[in-house]
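Chemist: Let me begin by handing over the structure; questions about it come next.
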Amino acid sequence: MARVAAFITLFCSLVLSKAHPHEPGQCIFYEECGRNPTLNGTLIEPMVPCLNYSPARHLSGEHYKQLVKVCPMLDRGESNTYACCSIPQLISLQTSLTLSKAVLNRCPSCVDNFAHLHCINTCSPDQSQYINVTKIMNITNDLGVTREGVVAYQSYISTRFAERSFQSCKNVRIPATGGFAISTMCGRYGAKLCTPQRWYDFQGDSSNGLAPMDLDFHLVSDEAAGSLPNGIVPYNGTALKCNEKTPTGGQECSCQDCAESCPVVPGPPEPPSPFKLLGVDGFLLISIILLFLLILAFMFYLAVSCYLSSQRPKHLKKSKGKDLNSNDVTQRPIHPAEVTCTEKNSLAADALLSSIFRNWGKLMATYPLTVLLISAIVVAAFSTGLMHIELTTDPVELWSAPNSRARQEKDFHDTHFGPFFRTNQLILTAPSRKGHIYDSLLFGHQNFSGIVSKDLILELLELQTRIRFFSKDLNRTASLKDVCFAPLNPTNPQITDCAVNSLPQYFQNSIDNINAKVNMTELGVTKEVDWRDHLIYCLNSPLSFKDITDLGLSCMADYGAPVFPFLAVGGYNNFTYAEALIMTFSLNNFPRTDPRFKVALQWETEFLKIVQEYQKDPKMNFTFAYMAERSLEDEINRTTAEDIPIFMISYAVIFVYIAVALGEYSSCKRLLVDSKFLVGLGGILVVGCSVLASMGFYSWVGIPSSLVILQVVPFLVLAVGADNIFIFVLEYQRDVRRPGEEREEQIGRVLGNVAPSMLLCSLSESVCFFLGALSTMPAVKSFALYAALAVLMDFVLQMTSFVALLSLDARRQDRNRCELLCCVTVSKERPNKPNEGILLPFMRKFYAPVLLHHVTRVIVMLLFIFMFCASLFLMFNVTVGLDQELAMPQGSYMLTYFEYLYKYFEVGVPVYFVTKKGFDFTTVVGMNAVCSSVGCDQFSLTQKIQSYIGISSNSWVDDYIDWLNPGSKCCRLYAFGPNQGKFCPASEPFLKCPFKCMKTPSDGVLRPNVEQFNKFLPDFLGNRPDLQCPKGDYFCTDHSWLFCSHCRVTNVFYEQYLTIVQEGLFNISLCLLPTFVVCCLLLGLDLISGLLNLITIVMIVVDTVGVMTLWGIDYNAVALINLVTAVGISVEFVSHMTRSFAMSTKPTHVERAKEATANMGSAVFAGVAMTNLPGILVLAFAKAQLIQMFFFRLNLVITLLGMAHGLVFLPVLLSYFGICTG
């Protein structure tokens, strides 16, 4: 059948060719016969010419002017211009070209080349040489006159002309959509697969709604020219390059539309190469060199120390002496001149502080109930501020500094343009479904995946309409139209105005369109075409208003914009064989205080509910991944609520440990008397009250809290508070009441012994955190403020309430009363001797001697030096960032969504660039500085950013200039009536609005003057785009989100990663400073002790970052908060030991270190290490990955490293370098 049809066509062509020879100066058709009877539903009136073999006509007067206006390339001067077209033909040609110019006029040479060919076909005086008529019909016009009309012909073009014309147009952009203009003019092939032949085939296809007849373009090479029908000569005119000016004065195309026009600019700088020295990793080499230098320095120190020790006189090394009780001691007398100024200052400062705290402790212990009452009143007063507490959960508010550039720009955008729209997305897959091969009449064999099926498209369509709910805020049933982003009808949107991007939108969300079928004949073959043919076409030409099938359906979404395939399908090499369908609902966003914000949240809740019901339906044989804009915040809040029991168990374990570990347990009979359950509970309450007081105070002040504060600050204060509690209680248990000494005096004396050490740590930590509040990052700043005041309040309450509580407990214990059963007494008296427990004797007899053995000390120093250098190298390789999946609990539907998003979604982050007040757009210079079309600056804003984004950038100025262009129908003026001289929309007929807003510029560079700019701008802003005029403010601004046009990053909290390293160094340095200063001051300007204290804390922080690298813990703001916490906890491990060593009266470094390790080390181990570890281990069972990563792993690392440095490294370091008399 196909062969018969081809034979008939060839026979007709031969007959017509023989009847009318192809000669120069001859027309083959002339004048309009009427409407093509074979076409219906076209976008413009399909007027066809009359068959008329005659000489070309000489043009003059109005006829000549019209030709020059439409086809200037045919102008040979009024006295010598001939053509084969009448004025009505020129008008029809102009109308047809106007639609094409609307998308091509950014590039004058492209427009010229496009018009060139159609002018040659319609008007060339040598028309018969290039045209071969293949089909004629009798056509009756409106006047009843019947003539032979040409309804199909062949056009012969040289490949050279066709290729150059195509090259000049193939890169012309449609900035408002981010695509290429050629994609709308190449049918099913789109821009990627378009070729000159396919481009011309589409132009000649009458089914595209634009061609008035079937035009068969033959592209003929020089070699094939000899085989053409007799007299046929392929047209081989001059086609302009895109970087050439047009004969009428049009400028070269812009860089964005023509690569040849781009200036030669240096490429972006190469990313910095890895730091190398001598061809190897520079950081590794530096770490190795530092390791050897430190080891050599240490070994040199050992050698010098040994030499000096050997040279010391024997009588100075050891001598017999008597102590105050006349006992023999192996200790030489120390002459007063040997006591240094530093030691005198240290002893004086300690004596002063001890005296103050001794008197204070006695006072608190004497009036315990009064103290507890006053403390409770103060805490209650602070805590009332919790009524005004404000929890910040917005990531932008947490992690983006208010004065940062990104935050300021976002606030500016939200203030002037409204908050960025809310995204709700569904990704559908069907891995178990089998695909099929569809034999298309137009497209041949096409593979369809199992997911691209009619029933699933209908399912998606049903899902869109199901989401309805009763809104209390609206007092009626609400649906998508009440909350959706409707760019073309924002004031009164209907459901069809909602910006929903999905596969059903290629069918305008119409079930009838999806079910439509029609028989179609192509090349003599008749087959049925259905939704698959339409879908294939639309996936390749999403901007088309009419497909090339006899279905005649549009590809545009029902809300008036195109749906690009990367927004509708995912996981594809071929669109129809995609692995996933994607549906995206865009909702209007509002400030959180706006009532409409609640309605949007309600719609999203209903959306999640319906999708989850779909997912549970056993009949469904496909899988969902889904998310709503509220999902991240909801899941974080949900996991926080679910993990609260884990935190409660953690704190309960810590409480049980404290209550058990504080007991004395001298005998079974006194078990309930000597236990410290209530003391432990009191210590926990002190920590809790300090946190509540801190939160209440800042709530009064108006500084918001966050979930990070609720999770980290109690843990930090508990670590600090528990350590102080153990030091105080253990010191009291190890002390013996002196003869004639009252209980209150003993408590005061014990407090005087340990309170300076507690003050040293608490003040260091508090000042550390207060300085940390200088951070620009809101989450870090608020955490530092809350932690600083909480630590300070904890110390104050320990010096008051806890002392009073211990006094009451001591009174009960002295009376032999049971702890929980106060009325019950036991007969066995409390022994009047120190209770050292198990840990102190173990550390004194075994641990300290082994640790401080001369061999062990060397090994420890070498091991920790190696750890420090290795961690220093690893620190430079830590990964900066935060995988958002970590914020989700295990098993969250968001984890599946993220997996699908990365696997199937092809679109990047939208970016906006907004010009602020003060830029003058009304001037030519101002317009040229931001636009990207012909005549714009080569380095304009949009042209500069073009190389940095995935889809072409767009400025509204470009659309405004295109809208004003007289080559389109967008901006016209009424010729008469009440609106005479005013703007006329493109939908009005030509007779009403024959005048253009602006005249055609001679050089093709259209720029309105200030008056014109301001006059027509309101019309542009209010003009709704349509087929006749695709430009307009609705399209160029409200649709910019679809195409990543003039934008700015919406997730501004990502900006933290630009400065997080510097921010971390700044904050940690600020925290380290007070640890040195306070230590020096409270130890009487003991610089050596302060320096050793500082070195150890620095090593803990560096080793922590090194282990983070090994354990896969990324460095980010959450990690930074934990590192700041690490400094605070390190102070607890280190400063107590340093002070204990400095205050020791033992004669040698080693003996001082042994005493400090046994006495204070045992308290630190019991108070900090063993308090933290059980609570941290419980966090391993938390559901939230964020808690497991940054609260379990990182805190475990901090605690273990703090314990290793404080109880292993620091005693050894002090034994070598600590200050010591003699």
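Any Cβ shown, glycine's included, is placed from N, Cα and C.
TrEMBL: automatically predicted annotations, no manual curation.
Given the structure is predicted, the values throughout are model-derived calculations rather than measurements.
For reference, TrEMBL lists these features for the protein:
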- 1-19: signal peptide (SIGNAL)
- 283-308: transmembrane segment (TRANSMEM)
- 365-387: transmembrane segment (TRANSMEM)
- 643-808: domain 'SSD' (DOMAIN)
- 644-665: transmembrane segment (TRANSMEM)
- 677-701: transmembrane segment (TRANSMEM)
- 707-730: transmembrane segment (TRANSMEM)
- 750-777: transmembrane segment (TRANSMEM)
- 783-808: transmembrane segment (TRANSMEM)
- 854-876: transmembrane segment (TRANSMEM)
- 1064-1084: transmembrane segment (TRANSMEM)
- 1091-1111: transmembrane segment (TRANSMEM)
- 1117-1135: transmembrane segment (TRANSMEM)
- 1156-1182: transmembrane segment (TRANSMEM)
Chemist: Looking only at the domain 'SSD' (643-808), what is the mean pLDDT?
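Modeler: 82, rounded to a whole number.
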Chemist: Can you work out whether the transmembrane segment (644-665) touches the transmembrane segment (365-387), with the criterion being 3+ CB pairs under 8 Å where the paired residues are 6 or more apart along the chain?
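Modeler: Counting Cβ pairs under 8 Å, fewer than 3, so no.
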Chemist: With pairs restricted to those 6 or more apart in sequence, evaluate whether the transmembrane segment (1156-1182) and the transmembrane segment (677-701) have 3+ C-beta pairs under 8 Å.
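Modeler: They are not in contact.
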Chemist: Is the transmembrane segment (677-701) packed against any residues at least 6 beyond its ends, judged by a Cβ distance under 8 Å, and which are they?
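Modeler: Long-range Cβ neighbours of the transmembrane segment (677-701): 375, 378-379, 382-390, 651, 654-655, 658-660, 662-663, 709, 713-714, 717-718, 721-722, 725, 729, 782, 785-787, 789-791, 793-794, 796-798, 801-802, 805-806, 809, 819-820.
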Chemist: So, taking each listed stretch (283-308, 707-730, 750-777, 1064-1084) in turn and counting its Cβ pairs to the transmembrane segment (1117-1135) that are under 8 angstroms, which one gives the highest count?
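Modeler: Out of the listed stretches, 750-777 contacts the transmembrane segment (1117-1135) most.
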Chemist: At least three Cβ pairs under 8 Å linking the transmembrane segment (707-730) and the transmembrane segment (750-777), pairs spaced 6 or more in sequence?
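Modeler: In contact, yes.
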Chemist: Residues sitting near the transmembrane segment (365-387): Cβ under 8 Å, six or more positions beyond its termini, same chain?
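Modeler: Tertiary neighbours of the transmembrane segment (365-387) are 689, 692-701, 743-744, 747-748, 793, 797, 800-801, 803-808, 810.
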